[in-house]
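According to Swiss-Prot:
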COMPBIAS  1-18  compositional bias 'Basic and acidic residues'
COMPBIAS  29-42  compositional bias 'Basic and acidic residues'
CARBOHYD  Asn163  N-linked glycosylation site
CARBOHYD  Asn179  N-linked glycosylation site
CARBOHYD  Asn190  N-linked glycosylation site
CARBOHYD  Asn281  N-linked glycosylation site
MOD_RES   Ser322  phosphoserine
REGION    1-42  region 'Disordered'
TOPO_DOM  1-49  topological domain 'Cytoplasmic'
TOPO_DOM  143-217  topological domain 'Extracellular'
TOPO_DOM  564-621  topological domain 'Cytoplasmic'
TRANSMEM  50-70  transmembrane segment
TRANSMEM  78-97  transmembrane segment
TRANSMEM  122-142  transmembrane segment
TRANSMEM  218-236  transmembrane segment
TRANSMEM  245-262  transmembrane segment
TRANSMEM  298-315  transmembrane segment
TRANSMEM  327-348  transmembrane segment
TRANSMEM  381-400  transmembrane segment
TRANSMEM  430-448  transmembrane segment
TRANSMEM  465-485  transmembrane segment
TRANSMEM  506-525  transmembrane segment
TRANSMEM  545-563  transmembrane segment
Amino acid sequence: MATKEKLQCLKDFHKDILKPSPGKSPGTRPEDEADGKPPQREKWSSKIDFVLSVAGGFVGLGNVWRFPYLCYKNGGGAFLIPYFIFLFGSGLPVFFLEVIIGQYTSEGGITCWEKICPLFSGIGYASIVIVSLLNVYYIVILAWATYYLFQSFQKDLPWAHCNHSWNTPQCMEDTLRRNESHWVSLSAANFTSPVIEFWERNVLSLSSGIDHPGSLKWDLALCLLLVWLVCFFCIWKGVRSTGKVVYFTATFPFAMLLVLLVRGLTLPGAGEGIKFYLYPNISRLEDPQVWIDAGTQIFFSYAICLGAMTSLGSYNKYKYNSYRDCMLLGCLNSGTSFVSGFAIFSILGFMAQEQGVDIADVAESGPGLAFIAYPKAVTMMPLPTFWSILFFIMLLLLGLDSQFVEVEGQITSLVDLYPSFLRKGYRREIFIAIVCSISYLLGLTMVTEGGMYVFQLFDYYAASGVCLLWVAFFECFVIAWIYGGDNLYDGIEDMIGYRPGPWMKYSWAVITPALCVGCFIFSLVKYVPLTYNKVYRYPDWAIGLGWGLALSSMVCIPLVIVILLCRTEGPLRVRIKYLITPREPNRWAVEREGATPFHSRATLMNGALMKPSHVIVETMM
């Protein structure tokens, strides 16, 4: 087929096949329907809205508290080798794939796969399960940050001294620890830091285990309610509100990170901290765990396999050059992670010098960095209240825009399933309120005295790297080997005016699936049951619950395949051929061969087959 004819077919395909189903415009009101206006899917008011929304969605807490620690732990500068291999081999290709599918189909994270390849629409359901679980526990971090922010508005920070009601007789302030002769004469194991006691005894009121949940922490419950209310009002009007809020939430954290970077680099001991952060240890690359950490960090930091990037892309205009901006956003994301390491480790180097200990003794990851190491560092600086307020505002904004972008992706995907019902009147807003309320109630289990154990269980299993790798593999497999990488490239050319370099197509077909399979297998081989603080061992029932959370998303893909095959009549070969082919208004081919479509939503099954030119379907024709 000539190139012009091919492109014209693609234009017709997008117009007639992949166009949004009726009633999919956020904010469509009864008066619009009364005027007979055909509802159109809302689009970003400008490309800056999309760019800042994506930047806010994946530049989050993981860039600040996870990447620097992984870099130090896994060989310093040597860690960048597997990191960049996974970045160009899987991170950027999958990120762009999700955005461009959303833009091409104008659909959310579930219905886009129903139009591209109905048999594998379970990919969308798996993504929604993951992001729904993620939204429940990720926002708890913001509740902790909010609590710390409120506590920072004091002349003396409450975690700087041992004279509070929650402190124990074993609490020792750092001024005493610095007195080496006094410290050596005592047993270090018998004493704790005021910042640790504030975290464990005041903020968490930590119980003895997950089977002792204890009472609800009302102060944290109110903080959690506050951040959920902020999240709701940021997204309740769809992209009209989200696209404007990110002008502040996605840019201000970068300014504060720059301020913290400059401050950290001017502290004594900063040079040693940065050396510790980047000094390469090539021998660490022999450890498979280093490669697993690199792969999972890429998937976490790019917010892929969650349906959020697909939903954000679905609001792009059809001719928008998303390839260019996706590449620039990828550079921004990874660059932020790298620069954050300088800000964090310069301060950790200062801490180590002030305490007279090795940097390895103060280096933390995750909540340990945000709520123990850094709060401890600000107590050693001039103007500790100012730096504490600045840090927790930055932390709150970094997490908040990631949270509401992920919730927006979740809502868009679910609303697109039932547009004729949820797009009427104010039903979308009511639905968002219901989803946020349910997520808040589930999150209350994590702000009890045993809530930290529940939080760690969700973090370790519910949105684990294994789940994301599983989804990414099937996304690439479907596009490269069923829909056809060349077919998608034709669509991309029609949208942006040119074909991207072939490395994307090769990554979808070979490189990304290979990296996902390798990382997936090694993750299972190297699996270690969850512990808290390397001391508390979770009971067997909790480990089983954790695996249940992980499998709840992974099982969606094979489960949907089985359900669709069972609900479609005809010979198995014909059913498969019918279900792996994109839909078209004019029925032909398969139905003449005796396959009868299953009875699902009319928007999916009112069409039949587009003549395929991709690998697996061609072998079955």
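Every residue gets a Cβ built from N, Cα and C, even glycine.
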Distant-in-sequence neighbours of the transmembrane segment (298-315), which means Cβ under 8 A and at least six residues beyond its ends: 41-44, 50, 53-54, 57-58, 60, 62-63, 66-67, 83, 86-87, 90-92, 94-95, 98-103, 105-110, 112, 124, 127-128, 130-131, 134, 239, 322, 330, 333-334, 337, 402, 405-406, 408-410, 412-413, 465, 467-469, 471-472, 475
CB contacts for Asn163 (N-linked glycosylation site) [other CB atoms within 10 A, all chains]: 11
Best-contacting stretch, by C-beta pairs under 8 Å, relative to the transmembrane segment (50-70) and drawn from 78-97, 218-236, 381-400, 430-448, 545-563: 381-400
Per-residue Cβ crowding (10 Å cut-off), top of recorded positions Asn281, Ser322: Ser322
Of 122-142, 465-485, 506-525, 545-563, whichever stretch has the most CB pairs under 8 A to the transmembrane segment (218-236): 122-142
Per Cβ pairs under 8 Å, the stretch of 381-400, 430-448, 465-485, 506-525, 545-563 packing most closely against the transmembrane segment (122-142): 545-563
Candidates 78-97, 327-348, 381-400, 465-485, 545-563; stretch with most C-beta pairs under 8 Å toward the transmembrane segment (506-525): 465-485
Distant-in-sequence neighbours of the transmembrane segment (465-485), which means Cβ under 8 A and at least six residues beyond its ends: 90, 93-94, 97-98, 101, 113, 116-117, 120, 123, 126-127, 130, 292, 295-296, 299-300, 304-305, 505, 507-510, 512-513, 516-517, 519-520, 523-524, 550, 553-554, 557, 580, 582, 612-617
Contact ranking winner - 78-97, 381-400, 430-448, 545-563 against the transmembrane segment (327-348), Cβ under 8 Å: 78-97
Distant-in-sequence neighbours of the transmembrane segment (381-400), which means Cβ under 8 A and at least six residues beyond its ends: 59-61, 63-64, 138-139, 141-142, 145-146, 148-149, 152-155, 157, 160, 227, 230-231, 234, 248-249, 252-253, 256-257, 259-260, 263, 267, 370, 374-375
Integer Å distance between the CA atoms belonging to Asn163 (N-linked glycosylation site) and Asn281 (N-linked glycosylation site): 43
Distance from the residue listed as 'phosphoserine' back to Asn163 (N-linked glycosylation site), taken between C-alpha atoms, in Å: 56
Residues from the same chain, set at least six apart from the ends of the transmembrane segment (430-448), whose C-beta lies under 8 A from its own: 132, 135-137, 139-140, 143, 207, 213-217, 220-221, 224-225, 228, 231-232, 235-236, 407, 410-411, 414-415, 422, 454-455, 458
Average pLDDT across the topological domain 'Extracellular' (143-217), rounded to a whole number: 82
